[in-house]
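Feature table excerpt (TrEMBL):
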- Gly109, Ser110, Gly111, Lys112, Gly113, Thr114, Arg225, Glu270: ATP binding site (BINDING)
- 129-159: region 'NMPbind' (REGION)
- Arg135, Leu157, Ile158, Val159, Gly187, Phe188, Pro189, Arg190, Gln194, Arg231, Arg242: ribonucleoside 5'-phosphate binding site (BINDING)
- 224-234: region 'LID' (REGION)
Amino acid sequence: MFATKPGVRFVRPVVKSIGRNQILSCRSIPSCHYSTGAGGQGGKANHFLPLTLLGVAAVGLTYYNMNNNTKPPTPSIDPTSSTIQGSPLFPSEKYPEAINVVFVLGGPGSGKGTQCSKLVKDYKFVHLSAGDLLRKEKSTPGSEFGDLIDHYIKEGLIVPQEITIQLLKNAIVEQYDKGNRKFLVDGFPRKMDQALSFEKTVSEGKLVLYFQCPEEVMLQRLLNRGKTSGRSDDNLESIKKRFTTFIQTSMPVVEYFDDQHKVVKVDCNEPVDDVYNHVVSQFKEKNII
């Protein structure tokens with residue numbers, strides 16, 4: 001349905017000034033990881049959507065700060081801002097029933113991945129983990145953004161939205177062309193600017209599934225997982241940073257969607273099956289499944 005070209009293309013970061021007539025160079029890098037209830041396999045995303053010059057400046061500035069041992073800036077956005085440019089790939093007025101995007105949020109270790117896996121198996125959702133996409137990109141040989149992503153993950157910070165949204169766009173478009181219409185977007189959006197940009201350029205979120213869990217429970221889960229996961233962020237220092245980041249940046253996102261009556265809150269300090277039954281019940285009530 002969508003014309004595509006092989007490879008994912010990003011505009012190369014530039015830290016020097018750009019003349020009026022200069023052309024930014026691009027380079028392809030492979031990435032994409034997702035799972036589907038129909039046994040689909042991950043593959044290379046192949047849909048090209050150009051980044052804005054603002055995004056290029058943000059990524060370039062991050063590289064500059066890393067090289068000079070300074071803390072990357074923390075951008076913010078007014079929830080009512082209308083400065084984000086572009087139009088959705090799947091506008092609701094044109095595709096009212098074409099795509100169901102459910103954002104899955106919760107603190108690290110709250111059990112998002114476990115519940116998403118069960119929904120994939122039983123209801124044929126496509127599960128897109130923002131974290132998995134980024135880790136896949138980080139480990140891709142020759143990735144232009146590998147070091148940048150690695151730095152942000154280790155510091156418990158949020159990767160620039162231009163990279164994360166691009167990876168999600170690629171995966172959604174590829175799966176849409178295969179006939180899939182139901183998406184669980186796990187661990188995203190983690191900031192208000194991500195939420196607004198995604199809805200402006202990809203699709204409106206139909207629902208937010210928010211997993212509530214005591215911090216001490218999440219901490220113990222993550223430390224236990226770290227013994228076997230091999231993940232660079234499953235250590236005490238990174239975990240504490242991730243908790244702080246979630247509270248400061250992601251809770252405003254939950255509150256924003258809650259004001260629109262789009263949030264389903266689930267207590268995750270319960271047995272896995274009890275949590276899942278509650279999720280399914282809420283999804284049916286909201287006509288998601």
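Glycine is no exception: its Cβ is also placed from the backbone N, Cα and C atoms.
What TrEMBL says about a protein is an automatic prediction, not a curated fact.
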Which residues of the chain, 6 or more past the ends of the region 'LID' (224-234), have a CB below 8 A from one of its CBs?
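For the region 'LID' (224-234), the nonlocal Cβ contacts are 109, 135, 150, 153-154, 156, 242.
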Pop the Cα-Cα gap between Glu270 (ATP binding site) and Ile158 (ribonucleoside 5'-phosphate binding site) into the table, whole Å please.
29
Quick one: Cα separation, Gln194 (ribonucleoside 5'-phosphate binding site) versus Gly111 (ATP binding site), in Å?
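Here the two Cα atoms lie 22 Å apart.
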Give me the Cα-Cα distance between Lys112 (ATP binding site) and Gly187 (ribonucleoside 5'-phosphate binding site), rounded to a whole Å.
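So the Cα of Gly187 (ribonucleoside 5'-phosphate binding site) lies 8 Å away from that of Lys112 (ATP binding site).
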Taking only same-chain residues 6+ apart in sequence, whose CB is under 8 Å from that of Arg242 (ribonucleoside 5'-phosphate binding site), what do you get?
Gly107, Pro108, Gly156, Asp233
Within 10 Å of the Cβ of Thr114 (ATP binding site), how many other Cβ atoms can be counted across all chains shown?
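If we count other Cβ atoms within 10 Å of Thr114 (ATP binding site), we arrive at 13.
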If you count the other Cβ atoms within 10 Å of each Cβ, which of the binding-site residues Gly111, Gly113, Arg135, Pro189, Gln194 comes out on top?
Pro189
In whole Å, could you give the widest CA to CA gap in the ribonucleoside 5'-phosphate site formed by Arg135, Leu157, Ile158, Val159, Gly187, Phe188, Pro189, Arg190, Gln194, Arg231, Arg242?
24
Cα-Cα separation of Gly111 (ATP binding site) and Arg135 (ribonucleoside 5'-phosphate binding site), in Å?
18
Averaged over the region 'LID' (224-234), what pLDDT does the predicted model reach?
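Summarising the region 'LID' (224-234) by its mean pLDDT gives 77.
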So how far apart do the ATP binders Gly109, Ser110, Gly111, Lys112, Gly113, Thr114, Arg225, Glu270 get, largest Cα to Cα in Å?
18
Is it possible to list how many residues within the region 'LID' (224-234) are helical, extended or coil according to DSSP?
6 helix, 0 strand, 5 coil
Hey, how far is Ser110 (ATP binding site) from Gly187 (ribonucleoside 5'-phosphate binding site), Cα to Cα, in Å?
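Approximately 11 Å lies between the Cα of Ser110 (ATP binding site) and that of Gly187 (ribonucleoside 5'-phosphate binding site).
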